[in-house]
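Swiss-Prot has this to say about the protein:
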TRANSMEM  9-29  transmembrane segment
TRANSMEM  45-65  transmembrane segment
TRANSMEM  87-107  transmembrane segment
TRANSMEM  114-134  transmembrane segment
TRANSMEM  155-175  transmembrane segment
TRANSMEM  198-218  transmembrane segment
TRANSMEM  220-235  transmembrane segment
TRANSMEM  245-265  transmembrane segment
TRANSMEM  282-302  transmembrane segment
TRANSMEM  312-332  transmembrane segment
TRANSMEM  345-365  transmembrane segment
Amino acid sequence: MSIIRSERYSAIFLLCSAALAIIFANVLDPDTWHAVHSAVSEYHIFGLITPHDIVADFLLAVFFFAVAIELKHELVKGELSSFSKAIIPGVCAAGGILVPISIYLSVASVLPNGWPVPTATDVAFSLGILAIFGSSLPSKVRIFLLALAVLDDLAGIVIIATAFSVSISYWWIIVACITVGLFGFCSYRLARCKTSKTFLIIPAMLLCALAAWVSVYQSGIHATIAGVMLGIMLNRKQGAAIEHALEPYINGIILPAFAFLAAMVRVPHLPLDEISPALWGILLGLLFGKLLGISVFGIIALKFFRKKSISFFNLLVVSALGGIGFTVSLLMNELAFLGTPVHEQGVIAVLIGSLLSAILAIILMRCYKGRKSKSLPGTKGRVSH
């Protein structure tokens, strides 16, 4: 379990899942691929839900449940608990959203649905890359990246809830609010009841959570929002333990499974003039939009508020890591383009943009390590391994 909890191995699992998916999709002949794709996306288990929806709607709701727990902790007692702590990551997060959107719309204005795709940061992947290659960086870089990613996730939640909601059923929304409220009440009671009574409250919480998910799923709002609502309503005392318990399943099963399904596309053989502008918009938005948005807005905020919370070089590292959209960007791409010819090109753009951002971040971290080695006494001329 300790390996699966590791940020390093989480990033490796995600990368391997995406790579295997692309290989799998492209070695199959077209007929077999079509049959597999139809089985995953069109076959309804018991006539209720497809395997794709189980992963993208149900399992990802569990991931967003954990994200909401982390977000609540950071807002109440963590790195976002006060204005002075939150202002620099907040400005950086705003820049990391606004600039990629601007780049995307300037390049792909004919396909405006895709503007949310380059706004996301994959917290698991970016922290994993930092853990593998950034061991020589100060610990505050991880804290800053985590705060930035949490705010990015918050923005992503708002985007999913507003931009990708269709045919809203207010009746189901009312039912969802009631069940989420009951979940919160049960959580409150669980924190204060005797151990002997927990066997009654825990099943009630699970039933309320399932009912809330079904209600949101039926409401027209993306079902992952159910996980967010439940995570926010969970009693803070229980949050850390539940998040810790879910961590190996999220890192080892849920995120790799979604990465595999989302990246399972056939690479089209297209001439340059047939490449969708959405591909360029997403790619440039992730690679350059995130880098410029986070770093430029961050520099302005540091100067304006006279803060020294992070150095310019470390801010560049965080900016590059912010361009690793991966799983969350793949989700946004599905919501924006699934069922259209642009979808596969969007997946390729997310994967290439995230990979190039990761490579840029690794180069910057290696430069920092080399510079640090030269500055230490007695290390002149040594090769840093």
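Yeah, the Cβs are placed from backbone N, Cα and C, and that goes for glycine too.
Under 8 Å from some Cβ of the transmembrane segment (198-218) lie the Cβ atoms of residues 57-58, 61, 169, 172-173, 175-176, 179-180, 182-183, 186-187, 189-190, 225-227, 229-230, all in the same chain and six or more residues away from its ends. Counting residues 6+ beyond its ends, the transmembrane segment (312-332) has Cβ neighbours under 8 Å at 14, 18, 56, 60, 92, 96, 116-122, 124-126, 129-130, 134, 137-138, 140-141, 144-145, 148-149, 152-153, 156, 159-160, 224, 255, 258-259, 262-263, 282, 286-287, 289-295, 298-299, 302, 347, 350-351, 353-354, 356-358, 360-361, 364-365, 368 in the same chain. Just going by CB pairs under 8 A, the stretch in 9-29, 45-65, 87-107, 220-235, 345-365 that sits most against the transmembrane segment (282-302) is 87-107. Comparing 87-107, 114-134, 220-235, 345-365 for CB pairs under 8 angstroms to the transmembrane segment (45-65), the maximum falls on 220-235. With a cut-off of 8 Å on Cβ pairs spaced 6 or more residues apart, the transmembrane segment (345-365) and the transmembrane segment (220-235) reach fewer than 3 such pairs and are scored as not touching. Contact count against the transmembrane segment (9-29) (Cβ pairs under 8 Å) is highest for 245-265, out of 87-107, 114-134, 155-175, 220-235, 245-265. Listed as Cβ neighbours of the transmembrane segment (245-265) (distance under 8 Å, sequence separation of 6 or more from its ends, same chain) are residues 1, 4-5, 9-10, 13-14, 16-18, 20-22, 24-25, 37, 40, 52, 55-56, 59-60, 62-63, 65-66, 124, 326-327, 330-331, 333-334, 343-344, 347-348, 351. Non-local neighbours of the transmembrane segment (155-175) in the same chain are 64, 67-68, 93, 97, 116, 119-120, 211, 215-216, 218-222, 224-225, 228, 328, 331-332, 335-336; each lies 6+ residues outside the stretch with a CB under 8 Å from one of its CB atoms. With a cut-off of 8 Å between Cβ atoms, the residues of this chain six or more beyond the transmembrane segment (114-134) that come close are 6-12, 14-15, 67, 96-97, 100-101, 103-105, 108, 141-142, 145-146, 148-150, 152-153, 155-156, 159, 163-164, 250-251, 255, 278, 281-282, 284-286, 289-290, 317, 321-329, 331-333, 335-337, 342, 346, 349-350, 353-354, 358, 361-362, 365-366, 368. Cβ atoms under 8 Å from those of the transmembrane segment (220-235) belong to residues 57-58, 60-69, 71-72, 157, 160-161, 164-169, 172-173, 176, 180-181, 183-184, 187-188, 190-191, 209, 212-213, 242, 331, 335 of the same chain, restricted to positions at least 6 beyond its ends.
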